[in-house]
Amino acid sequence: MDHAEENEILAATQRYYVERPIFSHPVLQERLHQKDKIPDSIGDKLKQAFTCTPKKIRNIIYMFLPITKWLPAYKFKEYVLGDLVSGISTGVLQLPQGLAFAMLAAVPPIFGLYSSFYPVIMYCFFGTSRHISIGPFAVISLMIGGVAVRLVPDDIVIPGGVNATNGTEARDALRVKVAMSVTLLSGIIQFCLGVCRFGFVAIYLTEPLVRGFTTAAAVHVFTSMLKYLFGVKTKRHSGIFSVVYSTVAVLQNVKNLNVCSLGVGLMVFGLLLGGKEFNERFKEKLPAPIPLEFFAVVMGTGISAGFNLKESYNVDVVGTLPLGLLPPANPDTSLFHLVYVDAIAIAIVGFSVTISMAKTLANKHGYQVDGNQVKIIIFLQMFHSRGRAQWLTSTIWLTTFVSSLFLGLDYGLITAVIIALLTVIYRTQR
């Protein structure tokens, strides 16, 4: 018998014996609630709060500039290929998406590209989610467009508008001013909420609430793009029951649909959906996901230009875009008193949409995001998937989905949070 076999036999025959006292429930509760140390005095707390240490400075820098924490630990060889492909795909996708969402916001399409360029640069330094891309979002664009159209309607009379072209340009310029004012005010509100650590409300964005909210948001996006997919002209709808009004308006004009526009849209949709399934099925064999968004944009643009869809088939195109970036301009703060209610709603919905997506991805990939960067605590799990808690989960999801779908994302979110708080109170009492 060699030495290795003797060690194995010895390890198999040895045992550990542990002795510990038996605790009753009162004794255990008393031990758990014992205070191990005397609390610090107020003077000690103030001294600790105003003491400047390298660790405290580093934590403050990490809090305000998360890039200083993750960038030095970035594994270049492991991450760069996937990040490069994702960056190209996301960047290319932002081009048509930004143009389309600018039209939803009732501003010239070029402003969608501006909105796609600046936010991602800022979020690179200040953001805590590793997977979301900040930029134009359909629902927020619709809300901004509703404000712009309300204050600057289509039939407004512009002084000095000599012809239709000049009148349209002057009207669009006024709408840009409105959009700039409401977005600036929304950003100021979000910044103030972040300074006040208002991100704690994300604790109450439970998983069923988040899923119901994002599902309703997807329906809003789908219905808002129907008229562009079918190539029909309909009136803009926003607010309560806007999903119903938009869908009915499209169905009423379906006899005027543009078959070519529908065909191009379905072709691109099929390419993206099939590409997603392909990447998911063969992700173990592919060195990096195939950027189907890039091919969709190139193919769609090539077909439009090659077959002259605008002239031959009356398919709407974006048209000529001005080159370069516009110089910075001061927003019109005199409009704040007209848009502050909408700015509050947009700030809350924008935060909720972003933190909902970020939270879903963070739960999936095992990290945390900070809701005050727009501290979020992952809510592990209040609701289980069986028994009495199952109907609570279903109630929260269904209530969130229905209220966000028909009341709009702003009122729907408020309703959903109230329902979620009531379920917490109910479970506490039970």
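Glycine is treated like the rest: Cβ placed from N, Cα and C.
What TrEMBL annotates here:
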DOMAIN    81-373  domain 'SLC26A/SulP transporter'
TRANSMEM  99-125  transmembrane segment
TRANSMEM  132-152  transmembrane segment
TRANSMEM  184-205  transmembrane segment
TRANSMEM  212-230  transmembrane segment
TRANSMEM  256-274  transmembrane segment
TRANSMEM  286-307  transmembrane segment
TRANSMEM  335-358  transmembrane segment
TRANSMEM  396-426  transmembrane segment
Given the transmembrane segment (132-152), its same-chain partners at Cβ distance under 8 Å and 6+ residues beyond its ends are 90, 94, 97-98, 101-102, 104-107, 112, 115-116, 119-120, 122-123, 171, 174-175, 178-179, 182-183, 217, 220-221, 224-225, 236, 238-239, 242, 335, 338-339, 342, 345-346, 349-350, 353-354, 357-358, 361, 409-410
Quick one: find which recorded stretch in 212-230, 256-274, 286-307 has the most Cβ pairs under 8 Å with the transmembrane segment (335-358). 212-230
For the transmembrane segment (286-307), what are the same-chain contacts with Cβ under 8 Å, counting residues 6+ beyond its ends? 81-82, 84-86, 88-90, 92-93, 95-96, 264, 267-268, 271-272, 274-276, 278-279, 313, 315, 317
Per the Cβ filter (under 8 Å) with a sequence gap of at least 6 from its ends, the transmembrane segment (396-426) is approached by 139, 143, 201, 204-206, 208-209, 211-213, 215-217, 219-220, 238-244, 345-346, 348-349, 352-353, 382-383
